Amino acid sequence: MSKKRQQSTKFITRDILKSSIIGAFQKLDPRYMLKNPVMFVVEVGFLITLVLCFVPNLFGDVQALAGKLPAASLRTYNVIVTLILFITVLFANFAESVAEGRGKAQAETLKKTKKDTVAHLLRDDGSEMEVSASELKKGDVVIVRINELIPNDGEVIEGIASVDESAITGESAPVTREAGGDFSSVTGGTTVVSDWLKIRIAAEPGGSFLDKMIALVEGASRQKTPNEIALNTLLVGLTIIFLIVIVCLYPFAVYSGVQIPVATLVALMVCLIPTTIGGLLSAIGIAGMDRVTRFNVIAMSGKAVEACGDVDTMILDKTGTITFGNRLAADFYPVKGIDKMDLIDLSVLASLEDATPEGKSITDLGYKMGSRVEKSMAGKMNFIEFTAQSKMSGVDLSDGTRIRKGAGEAVKELVLAEGGRIPKDLDKIVEEISKLGGTPLTVCADHKVYGVVYLKDTVKPGLAERFARLREIGIKTVMCTGDNPLTAATIAKEAGVDGFIAECRPEDKITEIKKEQAEGKIVAMTGDGTNDAPALAQADVGLAMNSGTQAAKEAANMVDLDSDPTKILEVVEIGKQLLITRGSLTTFSVANDVAKYFAIIPAMFQLVIPQMNMLNIMKLTTPYSAILSALIFNAVIIPSLIPIAMRGVKYKPMRSEKMLLKNMGIYGVGGVIVPFIGIKLIDMIVAPLLAVLGL
């Protein structure tokens, strides 16, 4: 049984906790805090009140409050405000450090895999030279033998071998890598466990896939996404507005006869600016990347993960994504007047040197059914490989006979071009196989059609329900297949996709992607071959398979280490969860600020402006207890929300309008109610203590 990388159930471990506490203090550097303007303002407020602890009369507070608040009590009050502000900044830094710590823990595991091994570099004259793996350059050719580490990313140009990729993918079962085709790409840090491979290095030193993984999970290369920048701009705008409000409040208070200590103004400002989301914003973004990584998908940027959340259209390959991809020969259908055994023999001849699973299944079934073709003929014929353009493969015999098998229309065109005729029952046979959801492979020799090979594939269970879920949230699914329209329609109906492109060529995928994008849609697709690379690059979300070619992986903005094309469905849900989490916590934060406004302002002015008492619905004990209770709540709510920021808001597919109403109810209304309850409870606890301190 394969051993996948374990998905951690704990969002924080003892080691992560320890490193996060240290990281929280290290991030107090103002140069770092500037990256988060909201929390930088809080830190500046902390520094102001810290100075007031030592020089309480810096702004004339002692004289202004003479007879109302003893100097000793004012100093105590300043110290309490300073400590709470310091803890608020630490909690915000801690949240970010926890998110980074989870990534760094993964990076440490990957770094153990990255070793500076000795590589066997092949010179131009064919001789070998031992060099350090770190000295290899793009284009160098190395030979890797059994039990040796592959020194860097590359393409297999000769040989076939089993490769243990568990260090990268977590999958214990070795995979086959060979020259040519879509399974020629190898990753540095993996181990050859059988035979040997000649590899052309495809990455410069420090630019390997493993290096990129380490940088990404550590967060070293994480750039803010457009949505993060936009939200950050909004938060900065709100912060500036509340700063202006606080500055204007001071002369208003003086005019009203209310003496407000500067520490209170700072505390009020911190309570009103969006510190909750400001403290969690970076953590949410990092956690989104972390969730994708723990799902064994490497996102090349946070922008790619966010784009997943905005996907409107998914372009899906039929083979491997919607069906299991193991199309196997199930039967042979000769046309009228053709002996079935003649069809079987021609099919076997056309497939004898065909290394594809379909080709091998045709020869296996043919021999089981008594084919008279001798296996020794392999290598004595000129094999014609399948191409996306010809849609056929086959052999040319030494006597000049040309045998072909392939898509019905392509074979028909060939036969007619040779002056042959199309049997009347051919279309009926093709239609019958297509209605069964199978793939018909027409076989001809020169200008004569002999019949059809029935290739059977199976739709993966549960896909119809998953596509229905995607439809609920407005995502359109389009299946791409090389099958004829009838087969494509049958499989599309069974799988439950919204549309399909039959007899699809690589360029058709790009055309479809561009068409959707022209309508303002965000498009996602999967691929693994070199011919998929242009479409992967064109798509807003391109998920390449790790087992695919280097070109596909370089073109995509996400790579699936498990090489499971259906994972695009989960990745889209993770992207949506990231956006919903950010939106929900932003709503909660703004609602918090509204609640804190109604908690603090009435309590501060009720003695001078009796009408304010109508708004003092919480009946907080004193202005000082109101301020400190709100400030304490403002601090403790940040670590309380870390689990939600890390794990994400629970996501269930539903219409956007319904989801908006649900989250507004939970995080909007809840964001108002929770502070009222929390601040009142804290006030009941701290008011007696403050009374002892003369506040």
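Yeah, the Cβs are placed from backbone N, Cα and C, and that goes for glycine too.
Predicted automatically and left uncurated, TrEMBL annotations should be read as such.
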Joining Asp354, Glu358, Phe386, Thr387, Ala388, Gln389, Ser390, Lys391, Met392, Ser393 at the ATP site recorded in TrEMBL, out of Lys336, Lys340, Lys375, Lys405, is Lys405
Using a 10 Å radius on the Cβ of Asp317 (active site, 4-aspartylphosphate intermediate), the other Cβ atoms enclosed count 22
Residues near Asp532 (Mg(2+) binding site) by Cβ (under 8 Å) yet at least 6 apart in sequence within the same chain, in sequence order, are Pro506, Lys509, Ala544, Gly548, Ala552, Ala555
Here the Cα-Cα span from Asp317 (active site, 4-aspartylphosphate intermediate) to Asp528 (Mg(2+) binding site), rounded to a whole number of angstrom, reaches 10
Taken over the domain 'P-type ATPase A' (118-218), the predicted model's pLDDT averages 82
| said: Under 8 angstroms for C-beta pairs, at least 3 of them, ignoring pairs fewer than 6 apart in sequence. Is the transmembrane segment (229-253) in contact with the transmembrane segment (79-95) by that rule? | reply: no
Comparing 38-59, 79-95, 624-645, 666-693 for Cβ pairs under 8 Å with the transmembrane segment (265-287), the winner is 624-645
Under 8 Å Cβ-Cβ from the transmembrane segment (38-59), and at least six residues away from its ends along the same chain, one finds 28, 30, 71, 74-75, 78-79, 81-82, 85-86, 88-89, 92-93, 235-236, 239, 243, 262-263, 266-267, 269-270, 273-275, 278-279
DSSP assigns the residues of the domain 'P-type ATPase A' (118-218) as 17 helix, 40 strand, 44 coil
